[in-house]
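The structure appears right after this line, and notes come after that.
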Amino acid sequence: MSEATTTLDGWYCLHDLRSIDWAAWKTLSSDERGQAVSEFLNVVEKWNEVATAKKGSHAMYTVVGQKADIMLMILRPTMEELNEIETELNKTTLAEYLVPAYSYVSVVELSNYLPADEDPYQNPQILARLYPELPKANHICFYPMDKRRQGDDNWYMLPMEERKKMMYSHSKIGRQYAGKVRQVISGSVGFDDFEWGVTLFADDVLQFKKLIYEMRFDEVSARYGEFGTFFVGNILPDEKVEKFLHI
């Protein structure tokens, strides 16, 4: 049996995507819509307080295309907190006009290739990646993915050293986009339908296409990668929520 890779796990992660029932939303009076937006922003302010205390992080984006209208990405220390956030959101008036479109549950993950005598949880660089402050980049791209397990193309039957070598080559491509694309990898084996979630942040949306296209030629993606649905969107600052929902 091939050796399993040891992983480092950080904050739990929820991607919550909703579509807006615009027809129903329009039936409310201007005052009713205003109250619903204010209630929602009060919830968001609680998230901001958590982020300021460095006990979690979140991001809010509008989604381009018809797959969804809004994407929320929430990071918290426990799965229970993610559930509480989702429940609190669902109890708001605005949620009555939000239709669930997609969700993904995972945990921020890094592969541990450090020497056995080094405690990764004492390494500031690793801690910053396991418990990240999500950037306020202009754009987001999220997609789930698996490693293929078919015939000779079975990632999990490869020796550990061969997997390490290929992942190192794969990661070199990503490092070429340092400063252009910020990446958060989250593991989801046993949590959701795919094995990983990949979230990319960039101020230039075209960098998503360039990075993902270049990686497709690397063996890790070309031979072993299987991908789910892609979601891309634009940042939705708190101060623009009211305008976005205005009728």
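We number each residue from 1, going along the chain as drawn.
Each Cβ is built from the backbone N, Cα and C atoms, and glycine gets one as well.
Listed features, source Swiss-Prot:
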- TYR143: active site (ACT_SITE)
- ARG129, TYR143, PRO144, MET145, ASP146, LYS147, HIS170, GLN183, SER221: Fe-coproporphyrin III binding site (BINDING)
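Sequence features, as recorded in Swiss-Prot, placed on the structure.
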residue	record	Cβ within 10 Å
ARG129	Fe-coproporphyrin III binding site	17
TYR143	active site	19
PRO144	Fe-coproporphyrin III binding site	23
ASP146	Fe-coproporphyrin III binding site	17
HIS170	Fe-coproporphyrin III binding site	16
SER221	Fe-coproporphyrin III binding site	18
Practice problem: Round to a whole number and give the Cα-to-Cα distance in Å for the pair HIS170 (Fe-coproporphyrin III binding site) and TYR143 (active site). | Solution: 17
Practice problem: State the three-class DSSP label for ASP146 (Fe-coproporphyrin III binding site), counting H, G and I as helix, E and B as strand, and everything else as coil. | Solution: strand
Quiz item: If H, G and I count as helix, E and B as strand, and all else as coil, what does DSSP give for HIS170 (Fe-coproporphyrin III binding site)?
Solution: helix
